[in-house]
Amino acid sequence: MSKLFRAVILGPPGSGKGTISERVANSFGLKHLSSGDFLRENIAAKTEAGVLAKTYIEKGALVPDHVMTRLMLSRLEEMTRHSWLLDGFPRTLAQAKVLNSAFELDVVISLNIPLETLKERLRHRWIHPASGRVYNMCFNPPRVQGVDDISGEPLIQHEDDRPEALVARLRHYKDVAKPVIDLYRAKGILHMFSDTETDRIWPYISSLLSTKIPTDLGDAQRVRTH
Ligand SMILES: Nc1nc2c(ncn2[C@@H]2O[C@H](COP(=O)(O)OP(=O)(O)OP(=O)(O)O)[C@@H](O)[C@H]2O)c(=O)[nH]1
Ligand SMILES: Nc1ccn([C@@H]2O[C@H](COP(=O)(O)OP(=O)(O)O)[C@@H](O)[C@H]2O)c(=O)n1
């Protein structure tokens with residue numbers, strides 16, 4: 001079987017992980033696994049992990065490491081035949097160590113976006129909860145304001161996307177993410193990107209991945225869209 005490709009994208013809330021992950025999935029045929037979306041699916045399905053995770057997310061707290069690692073690793077065990085890009089996991093050093101003991105990562109992308117840019121982006125972020133589709137009134141607005149392009153269902157804004165909630169989330173993110181970033185830098189697989197616009201970062205990420213992703217991923221997996 002051809003070599004598989006395993007990557008993680010790290011970044012604070014609003015940094016564009018989901019936006020960039022979708023472009024990576026479309027360009028390189030990797031499976032994008034968003035831990036936030038996966039948690040919301042489990043919450044909606046009222047799974048044991050979802051019910052437990054909900055109690056933490058509602059308080060704006062992180063879901064405990066053992067719940068996240070059990071949930072994410074069982075999902076990854078179902079994807080062993082696929083190349084993937086993880087978004088939002090690992091989020092802590094404990095999560096990273098468990099992931100590293102189970103899978104060898106090829107690339108870790110870390111987005112470094114200024115606070116004011118994050119605030120501005122999240123202020124205008126609208127989400128279709130059922131699909132996880134993400135819009136932005138300034139960057140990628142829906143055809144009809146407040147309505148999902150595909151389903152016609154209403155869009156919502158996350159309570160903790162408000163600017164006053166963001167500062168606390170950001171401080172917590174930085175405290176928790178630093179040892180994870182340091183770990184992957186020490187492994188020599190960290191690639192940092194800083195800018196205020198996704199469209200300026202994307203070409204660099206795309207060319208990095210073009211050099212790293214095995215060309216023999218197989219047609220089924222590698223769908224090049226230009
Ligand atoms: N103005 C602007 N908005 C952007 C840009 N890139 C992404 N966005 C929007 O900014 C918001 C945040 O982007 P996401 O991809 O959701 O960021 P994220 O890192 O996945 O955020 P979390 O899921 O909260 O961790 C969304 O509404 C995006 O549509 C950009 O370059 N400029
Ligand atoms: N590894 C993770 C990922 C998400 N989460 C929780 O799930 C929520 C939604 O995750 P998300 O990635 O959609 O949003 P962000 O808060 O990361 O911007 C987070 O706010 C956390 O409460 C977590 O606790 N641990």
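Glycine too: its Cβ is placed from the backbone N, Cα and C atoms.
Because TrEMBL annotations are produced automatically, they should be read as predictions rather than curated entries.
What TrEMBL records for the ribonucleoside 5'-triphosphate site is Gly14, Ser15, Gly16, Lys17, Gly18, Thr19, Arg125, Val134, Tyr135, and among Thr196, Thr198 the residue it adds there is Thr198. Looking at the stretches 34-63, 94-123, the one that TrEMBL records under the feature region 'NMPbind' is 34-63. Counting only same-chain residues 6+ beyond the ends of the domain 'Adenylate kinase active site lid' (125-160), those with a CB under 8 A from a CB of the stretch are 13-14, 18-19, 34, 36-37, 40, 60, 166, 169, 198. Each of the binding-site residues Gly16, Gly18 was scored by other CB atoms within 10 A of its CB, and the lowest score goes to Gly18. Taking Gly16, Gly18, Ser35, Arg91, Arg169 as the candidate binding-site residues, the subset whose CB lies under 6 angstroms from any atom of ligand 1 consists of Gly16, Gly18.
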